[in-house]
Amino acid sequence: MNLASVLLLLAACHLSVSVNGQEHKEAIELSMANHDHVLGSAQVVFVAFCADWCPFSRRLKPIFEESARVFHQENPQASAVWAIVDSQRQADIGDKYFVNKYPTMKVFVNGELITKEYRSTRSVEALTNFVKFQLSTAINEFSSQDQLNQEMDKSKRNVVAWLKKDGPEFANLKKVASILREDCSFWVPTDHFGTQTNDNKLSFFDPDSNEEAKFTGNFNDYDFVKQWVTDKCIPLVREVTFENVEELTEEGMPFLIYFRDPDNKTTDKVFGEAVARELYDQRSAINPLLADGHKFAHPLKHLGKTKEDLPVLAIDSFQHMYLFPDMTQMNIPGKLREFVMDLHSGKLHKDFHENLDQRMIELAKAKAARGITDDHEAQAPSTRPIDTTPPPSVFKELKPSDKRYSILQKSEL
């Protein structure tokens, strides 16, 4: 073989290595053809759903691509893939994951979709730090029972497991912890401390009841373990905050909101028990939430209420807000369910219009008595426009901003 042939062969080999290396160092295009392979190819797969017609997508794409390059330069051995979906050409993928705005960034861990999207700063530093966090361990270690008692925040949801770290049971727990790391804190003993027991144990510690729930199923059944931990870590009734309200609105279900005094949460449990008792089968139709009545004073104002009236229960349908008429009846069997079912049947809206004048008079009196003013204060109920409706939704205004996203199907929110 002459020198020219050798040089040509070396150049071809170098090109091949470079191309293969680029698969992992740059953002790749995710399609239905490579979907399963890509999602299963790394511990973390970070996906940006973009559309060329969307100005926010056009701004994000070069930042996302640069983030992928920077991340892999700094972390060449990391098990992570950055991928971009051209949502015009690959609409099926967007439909598969219910993408209704662009850009949307989702993360998959061990091939499974994490519920919470990435919604933070769109910068190289922020994006790379996010992927590093997803790759970091989601499990805390303790070397003694005293250390666990001192470091475990009992105001949060905690899962404590005693499992051999070289077994499939621990591998299952690691996968579950990676998915639910933002919903629960996970704890395992150090290798030395863990040898004090030979039995597999998994417990959940409820911050509300201070009770311990023990897992009694098959530790090798990943789906069963995941479902058990998920049911414990994601409660039936959640707290709505300004930080999570955007993602809650995207779940698309009307809010059943229990506004209460943040310094007096004694009735939280009462509300939770009422929801579990009467609305458990409505989990896919209503979103029961707790809200700080001081921070969310604006929705209360729309209902003619102030912090002096707390607790207050209302439904926000993303079109209108409906007030639970008598808080003393919340624990009467059937009343809470009736309130929710009346929303679904349209009865709440119908009843409001049938008694419109009287309700507007009552609302005006309530606002006047509490010194609440709004844009309509000078109008007598009889002079209101004929299409006057229940108080408009406030939480709809907290949905994803059209200053950051191109929103699809706006009428559904």
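Each residue, glycine too, has its Cβ placed from N, Cα and C.
Since this is a predicted model, take the numbers as computed values, not measurements.
Per Swiss-Prot, the feature signal peptide maps to 1-21; the stated evidence is sequence analysis.
Residues or ranges marked as domain 'Thioredoxin' in Swiss-Prot: 22-136.
Its Cβ placed at the centre, C184 (disulfide bond) has 21 other Cβ atoms within 10 Å. As annotated by Swiss-Prot, disulfide bond applies to C184-C233.
Long-range Cβ neighbours of N264 (N-linked glycosylation site) (same chain, at least 6 residues apart, Cβ-Cβ under 8 Å): L310. Taken from Swiss-Prot, the feature N-linked glycosylation site applies to N264, supported by experimental evidence.
Annotation comment: Swiss-Prot describes 367-413 as region 'Disordered'.
For 396-413, the entry in Swiss-Prot reads compositional bias 'Basic and acidic residues'.
Taken from Swiss-Prot, the feature motif 'Prevents secretion from ER' covers 410-413, and the record attributes it to a curator's inference. When averaged over the motif 'Prevents secretion from ER' (410-413), pLDDT in the model lands at 37.
Non-local contacts of C233 (disulfide bond) by the CB criterion (under 8 A, 6+ apart in sequence, same chain) comprise R157, V159, L180, D183, C184, F204.
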